[in-house]
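K.L.:
Below are the structure tokens for one structure; questions will follow.
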Amino acid sequence: MAELDLMAPGPLPRATAQPPAPLSPDSGSPSPDSGSASPVEEEDVGSSEKLGRETEEQDSDPAEQGDPAGEGKEVLCDFCLDDTRRVKAVKSCLTCMVNYCEEHLQPHQVNIKLQSHLLTEPVKDHNWRYCPAHHSPLSAFCCPDQQCICQDCCQEHSGHTIVSLDAARRDKEAELQCTQLDLERKLKLNENAISRLQANQKSVLVSVSEVKAVAEMQFGELLAAVRKAQANVMLFLEEKEQAALSQANGIKAHLEYRSAEMEKSKQELERMAAISNTVQFLEEYCKFKNTEDITFPSVYVGLKDKLSGIRKVITESTVHLIQLLENYKKKLQEFSKEEEYDIRTQVSAVVQRKYWTSKPEPSTREQFLQYAYDITFDPDTAHKYLRLQEENRKVTNTTPWEHPYPDLPSRFLHWRQVLSQQSLYLHRYYFEVEIFGAGTYVGLTCKGIDRKGEERNSCISGNNFSWSLQWNGKEFTAWYSDMETPLKAGPFRRLGVYIDFPGGILSFYGVEYDTMTLVHKFACKFSEPVYAAFWLSKKENAIRIVDLGEEPEKPAPSLVGTAP
């Protein structure tokens with residue numbers, strides 16, 4: 001690239017502590033000894049020594065140290081020699097390295113020799129505006145090296161892209177604006193995250209209070225059940241006691257009656273023994289013998305054996321109940337562990353390890369299609385503002401028009417969401433969807449997602465068991481556990497969704513005519529069968545499940561538009 005000739009340094013003396021070296025005649029610029037000087041130039045020559053002393057005094061001023069650019073300080077004209085009458089500078093000449101007020105700037109505006117000088121806004125200290133190696137004004141910018149250079153430096157940067165300082169500033173200002181916008185966006189995301197965190201904290205307090213109330217109620221019921229069981233056992237024992245005592249008393253009364261009867265029989269036998277008439281004796285004794293009751297009731301009450309069985313039941317039940325109560329906290333802790341339902345443990349129980357070792361991830365559409373899986377929208381989960389068409393392969397947000405779907409526990413009540421009818425479990429799957437309109441979400445979730453709640457954890461972007469990709473009209477965004485991750489992938493109307501269940505991978509690809517572009521990949525811990533999930537947050541959003549036999553269309557100028 002040819003060197004830039006942005007300025008032609010004139011013969012004016014510099015008012016800096018370290019004046020730049022004069023340019024050589026070969027540069028095409030006049031040297032201090034060539035040409036005739038204008039009245040202003042003569043004045044410059046006559047006052048250069050004093051100006052140099054003034055500049056040295058200014059450079060040594062402690063109040064001005066640490067502010068080389070002069071930001072925030074008033075810049076005065078270097079030609080106004082009377083300190084009491086110095087006027088504010090309106091321009092700085094990078095060629096002369098001098099600040100000028102409106103009056104002393106006029107020669108630069110009327111003198112043809114001075115009109116080629118580069119004028120800028122007033123600068124307090126010119127030392128940082130010239131090249132320390134060549135003592136020449138910095139006049140250009142090297143893009144590869146990202147530094148300001150002078151004309152002499154252009155030879156050292158031969159072959160580099162070199163632009164003027166103004167052009168470089170325009171580029172950097174545009175870049176700065178993009179950086180500012182990006183920072184503002186990130187700041188907004190951070191503020192939104194803080195707001196959501198505060199809302200979540202309130203939700204946690206409410207949720208914990210609700211669970212506490214449930215726990216108090218359940219434990220109250222448990223205590224009442226224990227007291228009731230105790231009362232029932234006591235009543236049961238008392239009834240058994242009364243029955244046993246009643247039985248014993250009945251037997252006792254009968255035995256006492258039998259004792260009285262036997263006393264009478266004893267006396268009768270004594271009487272018959274005294275009969276001397278043999279015929280009378282035989283007749284009376286035989287008659288007595290035929291009427292005698294030789295049976296005796298049992299005097300053993302078997303309640304003790306029954307009580308032993310009852311004691312065993314009570315003891316074992318009490319021990320079991322105590323163990324359950326002691327394991328309450330342990331079970332709660334185990335329930336809260338993420339590793340409790342590690343799918344690898346479940347898979348290894350039915351499939352040998354050597355068969356579920358992860359295979360390499362596909363890279364071409366042909367390779368992805370070997371895991372093709374046909375899914376459809378589940379009408380029993382669709383929100384009433386979502387219309388299903390094309391045999392449940394297309395869904396459209398028709399807000400505010402409702403559809404006469406029956407009220408079901410599985411239907412989403414607040415969020416405009418719908419799940420797939422088919423679950424995804426233990427294998428690899430691949431399907432494609434077309435999205436229309438900003439505000440569409442595509443992802444996975446578990447069957448247990450709350451269908452009736454209005455909190456963020458009821459949508460597929462706001463909990464730790466859902467993973468989703470959002471198209472906001474400008475860019476894609478990944479969502480997990482109410483955390484947003486902006487992505488730099490370009491717009492795609494058709495998305496390929498790849499699930500490696502054993503490997504814990506969920507990937508989204510932009511599908512074009514001849515390429516597959518990775519948009520985002522989630523590392524997941526699947527703990528149960530998952531379902532394809534879709535959220536159409538805005539009116540007229542639409543999502544269509546693609547027949548995988550359809551070849552992708554060639555890229556169009558606007559890939560993600562409105563629903564057809």
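In case you wondered, yes, glycine gets a Cβ from its N, Cα and C as well.
So Swiss-Prot says this about it:
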type	residues	note
REGION	1-70	region 'Disordered'
COMPBIAS	24-39	compositional bias 'Low complexity'
ZN_FING	72-122	zinc finger
MOD_RES	S116	phosphoserine
ZN_FING	126-165	zinc finger
BINDING	C131, H134, C153, H157	Zn(2+) binding site
COILED	165-203	coiled coil
MOD_RES	S203	phosphoserine
COILED	243-274	coiled coil
COILED	320-340	coiled coil
DOMAIN	355-553	domain 'B30.2/SPRY'
K.L.:
How big is the Cα-to-Cα gap, in Å, between H157 (Zn(2+) binding site) and S203 (phosphoserine)?
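P.N.:
Between the alpha carbons of H157 (Zn(2+) binding site) and S203 (phosphoserine) there are 61 Å.
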K.L.:
So if I draw a 10 Å sphere around the Cβ of S116 (phosphoserine), how many other Cβ atoms end up inside it?
P.N.:
15
K.L.:
Restricting to the chain of S203 (phosphoserine) and a gap of 6 or more, list residues whose Cβ falls under 8 Å of its Cβ, or answer none.
P.N.:
E455, N457
K.L.:
Can you list the residues of the same chain, besides C131, H134, C153, H157, whose Cβ falls within 8 Å of the Zn(2+) site's Cβ centroid?
P.N.:
A133, S136, L138, I149, C150, Q151, D152, C154, E156
K.L.:
May I ask for the distance between H134 (Zn(2+) binding site) and S116 (phosphoserine), taken between their Cα atoms and rounded to an integer number of Å?
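P.N.:
Their Cα atoms are separated by 21 Å.
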K.L.:
Check the binding-site residues C131, C153 for other C-beta atoms within 10 angstroms of each C-beta and report the one with the most.
P.N.:
C153
K.L.:
Give the distance between the Cα atoms of C131 (Zn(2+) binding site) and S116 (phosphoserine), rounded to the nearest whole Å.
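P.N.:
Rounded to a whole number, the Cα-Cα distance is 19 Å.
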K.L.:
Whole-number Å only: compute the distance from the Cα of S116 (phosphoserine) to the Cα of C153 (Zn(2+) binding site).
P.N.:
20
K.L.:
In DSSP terms, helix, strand or coil for H134 (Zn(2+) binding site)?
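P.N.:
Its secondary structure by DSSP: coil.
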K.L.:
Please list the DSSP helix, strand and coil residue counts for the zinc finger (126-165).
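P.N.:
Looking at the zinc finger (126-165) with DSSP, the answer is 8 helix, 11 strand, 21 coil.
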K.L.:
For S203 (phosphoserine), just give me the three-state DSSP call.
P.N.:
helix
K.L.:
Mind looking up the mean pLDDT for the coiled coil (320-340) in the predicted model?
P.N.:
70
